[in-house]
Structure formats: C-alpha cells, structure tokens
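One structure is given here, and the rest of the page talks about it.
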Amino acid sequence: MPGPSPGLRRALLGLWAALGLGLFGLSAVSQEPFWADLQPRVAFVERGGSLWLNCSTNCPRPERGGLETSLRRNGTQRGLRWLARQLVDIREPETQPVCFFRCARRTLQARGLIRTFQRPDRVELMPLPPWQPVGENFTLSCRVPGAGPRASLTLTLLRGAQELIRRSFAGEPPRARGAVLTATVLARREDHGANFSCRAELDLRPHGLGLFENSSAPRELRTFSLSPDAPRLAAPRLLEVGSERPVSCTLDGLFPASEARVYLALGDQNLSPDVTLEGDAFVATATATASAEQEGARQLVCNVTLGGENRETRENVTIYSFPAPLLTLSEPSVSEGQMVTVTCAAGAQALVTLEGVPAAVPGQPAQLQLNATENDDRRSFFCDATLDVDGETLIKNRSAELRVLYAPRLDDSDCPRSWTWPEGPEQTLRCEARGNPEPSVHCARSDGGAVLALGLLGPVTRALSGTYRCKAANDQGEAVKDVTLTVEYAPALDSVGCPERITWLEGTEASLSCVAHGVPPPDVICVRSGELGAVIEGLLRVAREHAGTYRCEATNPRGSAAKNVAVTVEYGPRFEEPSCPSNWTWVEGSGRLFSCEVDGKPQPSVKCVGSGGATEGVLLPLAPPDPSPRAPRIPRVLAPGIYVCNATNRHGSVAKTVVVSAESPPEMDESTCPSHQTWLEGAEASALACAARGRPSPGVRCSREGIPWPEQQRVSREDAGTYHCVATNAHGTDSRTVTVGVEYRPVVAELAASPPGGVRPGGNFTLTCRAEAWPPAQISWRAPPGALNIGLSSNNSTLSVAGAMGSHGGEYECAATNAHGRHARRITVRVAGPWLWVAVGGAAGGAALLAAGAGLAFYVQSTACKKGEYNVQEAESSGEAVCLNGAGGGAGGAAGAEGGPEAAGGAAESPAEGEVFAIQLTSA
C-alpha cells in the first residue's frame, strides 16, 4: 500500500497537534470551551488539482463529526477527534467546506475557503491588418481565456521589448476568470516590420505561490505610405513600327518603396520594367518596341500597388509605319556629257521632294534629268519624304552620289607651278590632279635626274631644289605641267667667311666683313657689344678703342645666325707713371715687389737692371702682372739705387729709369727694450730704457694702463708694474711689454712682544719682527748675553722663549738687511717674580755658568754664525740661539721686579762698524 500523500501527512500532523493541545487544555483548565478546526483554512489550488483537508476538535469524546463540501472526494481517514479527507478535481473558482463535530449536545463548526487558480497557458494577440497606413490608428487586442483569478492578473502589450500599455485587474471579484486588454496605436514608419506581442503575468506570490508568466506569439506589423498623386509617365507620343524607345514611370512619396509593385505595359504588351529606388521614390524604366500588328492608337499604362492600394496613369501612344524614300539614278557612273535621270519615290501617304522640288500629290514620285559635266562628279542628290501623323509632320530623307568620268586636270591650286619649302622639317610633297578615275601623278627632273616622292612624308634637303615635269594620267587621258622647287634655309656663319678672331695693328686701315650662307641670301650686320646702333661699316683707321667683341648677325626669312668676333688691336710698348713709377720705396718685410706694368699688345716683357754704384748689373725683382702660384721669391734685402727698365714686344721697345730707396718698419727686441727693468726708490726717474730700429727712425711711447710715462719724477714704489711700449713710423708699429720692479732699503716696520704684560720667571714670551724691503731683507737678532733656549722661526721673523729666566731679561735687537742697506730696532724684556731671592742665592752658580756660556757663545759666533746657519737642536742644547756682536752683546741681568717686555729707544740704526751675524735655522 502506498504511503500517505503530503497533504495527508500535513493533515495528520495538524490533528496530532490539536489533540496534544486538547489534552493539555483538559489537564490545565477543565472549564475551557470546545472548538472545531479545519486545516488549511484558506488554500489556493490549481484548477483540476487535489487537496487534503483535516478536520479536528478538542472535544474529549465527540459524538459524531464530518466534512461538508460539494467537491469530489477520493479518500477519508478518521481518528477519535479528527477526520482527514482528500478532495480531487477541484474546478470551482471558490468553495467553502465546513468541518463539524457534535460535543455535549452542541455542534462545533469550522469553515474553510478553497480557491482555484489557472495559469495563463493561452495568451492570444488578435491578428493585425496585412498593411496598415502610416498615420492611422490600429487596434491591439490581447485575450487570456480562463486564467485567474483575474485580480492577480496583469497584461502588457509590447512593441518589440518596449512596453506600450500595462494593466492589472486588481479589485476584480475572486471568482472572475480570464481577461482582455485592448489598445489603439498610431501607425508610424518605424513600426514597419516591428513585432507586437502580449505578456500575461499571474502573480500568486502573496498567497505563497509563484509568479506565472506567458507571452503570445509575436505578430509583425507592416506599415505603408502611398502618395495620392498619380505616377508620372515619360514616353514618346509617336512610335514608329520596328523602332525602340525608352519609357519611364516615376512616383514619389512611397514607403516602403521596396514593397511597391509596378506594372508598365504598352497596350497588352507587358514591358517588364527595371525599377530603381531612390529613397521614398522609384523610377521604372523599360524599352518599348512597336510592331506592325500594334499600328494605331495604343495606351501606355503605369500602375503602382502598395499595401492593397494602387495609383495608375495612362497615356496615348500612336504607332505608325513610315519607310524611308527610295532614290535611284539611271546610271550611278557616267562619262562626261551623258544624260542622267534621278527618281525619288515613297509610300502612298508620303509627299516626296527632290532637290527642293516637291511632287504634285502625295504618293507620286519626283524626277530630275541632267547632262553630266565635270562639276557633277561626286554630286549628291537629296530626296525628302514627309508624313502627317496625329497632327505632327514627320520627315525622312535619302541621298545618292553621281560619279562622272573625265580626263586629268593639273590646277595651280592642287599642283602649284612654284614650290618653296623650308629645309629640315619633314614635308609631304603634294601635286594632285583632278580626274575620274583618280589620276596617277609623277614628277621628275627634266634632265632625267631626281624624282619627287609625292604623297610621302620625308625630309626636305637642299639637293631637292630644281625644275620638275609633272604628268597626270588616267584612262580618260593625261595632263603635263612644269614646276620649280626652291628649298630655303637659315643663314650660316662659318670660320672661313666670318673668322672668330681678327687682329689689327694700331694706325693701319682695316674693315670688319662677314659673309654668310643661306637662301634667300642673308643680310649681315656687325655691332659692337654693349653699343646699340653702332654698326661697323667700311674702312677704319685702326685705334685702340676699336678692340673688343663684335656681334655679327646674319638674317633671312628662314631665320638668323649670330656670331661673336673678337677684334684685337696690337701696339708697341709704353710706360705710364702710375703703373711704373720713376721713384719707388721698398719697405723691408712688406712682402711687396716693384710693380712695373707696361701698356702694349702683345704684352711686353719687362726687365729692370741696376745702373752704376752698388746696383751695377743687379736684377730688380718685379711683381708678376697676374698673381700666380709660382710668384718670384721675395728678397730679404734690396739694394737701393738707380735701375733701368726695358719693355719689349714684337712691335718695338722702350726704356725708363727708376730710383729705388729702402726703408723698414719699427722693430724692438730684448737688446733695445729689455722686458724686465729695475729702479731704486728715491732715485731720479728717467724714461724707460726702450729704443727701436727702423727707417725712418721710429718714435717710442710707453704707458701704463693708458697713462703716459711722465718726463721727470722721483721713483716710488707705486711706479712698479707693467708698461706697454709702442714704436711707430710710417711703415707700421711694434710693441713690447716691460715689467718694472722698484727696489728699496729695508725698514723694520714692527717689533712687538707677546704677551704685552710682564713676563714672570718660568713663563713664555714671543718677539715678532716684520720688515719691509725689496729685495726681501734678511732678519737677524741680537739677544742679551747668557740668554739660553731661544727659538727662531724659519725666516727668523719670530723669536720665542719657553721657561723664561732672569738671563732672558735685557735688550733684544732685530736687524733687516738687503743689498741697499740695513735697519734695526730694539726692545727690552724684563723678567721678575717673588722668587727673586732664589736667583740671588744662585748668583755664584750663575756666574760659573755664565763663564761657560760665554765660551760657548764665542765658539758659536766664530763658527756657525759666520757661516750664516746652524742646527736648531744644537743651538738650543748649547743655550745660545742668537748671534752676538763682536763686543759680546749687552748686559741682560738688570730686570725690574714689576717690569715686562717693552721697546727701549724705538728704532735705532746700528752703527756701521758693529758686526751682527744672521742666523738661519735648519732642521736637524
């Protein structure tokens, strides 16, 4: 047996829940009222579906119970206080089943509500019109039969994916089923080809079910627009049998033009047109061909159909038959003098005209007779035929040519007696004769020579010139004529008749003549270049101004030729003062040579040779007339004197005397203007020792920074510096830079002690000596006797003592010495302190040490000081770091108790006879 259905399981679950609640209620409150319950109270069931209903009560022992409904039952299950029943094939839109129980002589009831729903399985969009005019309304109608409930239904009309209208049916009665939605829509161009559809939505989500959707099949809308105007026909009004003429039909304002159908016919003949679309217009073209069966009045029809509507145009076309006239000659070719008959005939309705003369009546032929002459050869005869068709006059014509046979004729127009051709270009030589048949023409020289190639393209040469006999012949006879051929050509100037170069001699008679070749004979004119209108004619007395270039031009009708003729006039040598001066000055180093240019043609050769004195037989170098890479070497020295210059060419010679002098530009060097000069301060100053060589004698000026050197002054240190000296004469300048140094005697500018206060025993002090001198001075010191452990700086400018003792007190002298003198200054150093008694107590020991120091000092003075240097370490260990004078120095023991270093007596010049030795310290 199959298990219970899901609905039954839900009903049983509800029943057990109700029983449990009932038992709990009985145990908790025995006085609670009894009730009946129906589950589910409200249910939505798809139409035709089934449902389990559970009916239960809390009555402990109900007497009886049941479920009242009009729906079909399929099965029932019972318990003490419950009843479950399955309802099937539920189709009613809405039913209310009743659950009841009898308990304690009371009837307990519970009512339920069962509603059915039907999916929108059928969604129908009513058919659209086959064609819908643009700008007019059409109806969209959508039906959804049976779907419901209607209150949960929504219908939407769509154009493609675009919603046009959407409607819901909320508020409709619960039992209402099915729906219809209708809308009026304006047809537009863009709706053509659009798909319209309807979408139905049954929304049961508020009732715990889903959303059911369905759409109709799409329906395509076709819109159209057709102009109210009739088509335009373009066709001939008349159409000849057997002819083809184009016809066309045009209509604007069509949409869609591609859907239009065009019918084009002539009578009952369909023309099957070719249709061309141009936007909202079309052009239908076809070719109409008329046949004899269609002769008469016919209609040309153009019919346009679109969207079930049509537009039509009709026009009348007359089809006619009009053959061309017939023109005949009795003889198409006759001999001169024979009679010829010309006849023109046409159809029965046509009127013919022959050579402008009409026939008497339509349908009758026209005739003409003539006696054939030469002038009638190739004569054309014209026949016209006219026919009236539908009020219009039609014309056709025909022509025929008559040939007349006659003997040849050579006319001057076709074969001139005199021919003149230009030489060179290719020509077609023509001598034509009239005659029928066409005559043959032959031209040859009378002497049996050259033959002219008539009718052929060929070059024209001078050899063709001459007289020719031309003969024309055909089967009717012959003709003879003599012709003369002249070949013309442009002038030519050759070297024989007109040489390129002509030489004349000054003072003789000559003429300038040029002979040119050409046909016709050319005229020759010679004009000097650059002189308009100066034509050279006849004999000339040759002068130099006749030399130059002449333009000779030969001219005839065939052209011109021109040639330049260079005329040279030669003459003997002649000196001119500007080009060969009588006096010349040579400047040494200028690189110039004597220029002696001589006038003459051809160019004379020139040689200058010394005459007398030191220049006897000496050849004077000359500058070449034209610069050349192989110019003569320029001499470094040129002997001045008198030279004789001779100029010679083939027309003579001439001599001239030249006086040559020599000069030179300024020159300064180390010997005449030393680059370094030294002055002594205070001396009388004179000009700088600068001189220059040169001719004429140069002047020399010296300046510093543009300021000239004063004539007289005393030399001071400010005069030291750099001077610029310039030497000048007529041939140039030379300059040198001179450095002036000013030397002066030494002066001890500063002698100072540090510290400036008192020096206590055991303390340190330093003496500084600064001297001004040039060249730099040598510094020397003189210290008190017995002063030990004295240190000097490398240049002796500083004297220092570490651990001063009483022996360091006394007078110190600083002396500065250079080549120009000596200068000295003195300073007194005092050493004192509270331990003076110690010094007194050790006086005896000091005396002994002093004696030993004096001996050592004498040794140092006699050895190291006289050499000018000694070792610093040795000097310090010996206790003597200074050089003493010959007397052994001054006393150094008298230092005051409160004293300190001080200058004693300021600067004092050392006696000339005193000897002070300089001390140079060197590293050990």
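Including glycine, each Cβ sits where the backbone N, Cα and C put it.
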From the candidates Asn270, Asn303, the one which Swiss-Prot records as N-linked glycosylation site: Asn303
Among Cys55, Cys59, Cys142, cysteine joined to Cys103 by disulfide in Swiss-Prot: Cys59
Students should find that the region 'Disordered' stretch in Swiss-Prot, chosen from 744-764, 870-890, 891-911, is 891-911
Using only C-alpha positions, which one of Cys59, Cys103, Cys498, Cys552, Cys725 is spatially nearest Cys249 (disulfide bond)? These are the disulfide-bonded residues in the record. Cys552
Minimum Cα separation from Cys673 (disulfide bond), reported as the residue among disulfide-bonded residues Cys103, Cys383, Cys415, Cys580 that achieves it: Cys580
Restricting to the chain of Cys498 (disulfide bond) and a gap of 6 or more, list residues whose Cβ falls under 8 Å of its Cβ, or answer none. Cys514, Val515, Ala516, Val524, Cys552, Lys563, Val565
Nearest to Cys99 (disulfide bond) in three-dimensional space, by Cα, is which of the disulfide-bonded residues Cys198, Cys302, Cys344, Cys415? Cys198
Is it possible to get the count of other C-beta atoms within 10 angstroms of the C-beta of Thr184 (phosphothreonine)? 9
Give me the CA-CA distance between Cys59 (disulfide bond) and Cys142 (disulfide bond), in Å, as a whole number. 55
Tertiary neighbours of Cys769 (disulfide bond) (same chain, Cβ under 8 Å, six or more apart): Val748, Glu750, Leu751, Ile779, Trp781, Asn796, Ser797, Thr798, Leu799, Cys814, Ala816, Arg825
Rounded to a whole number of Å, the separation of the Cα atoms of Cys645 (disulfide bond) and Thr182 (phosphothreonine) comes to 138
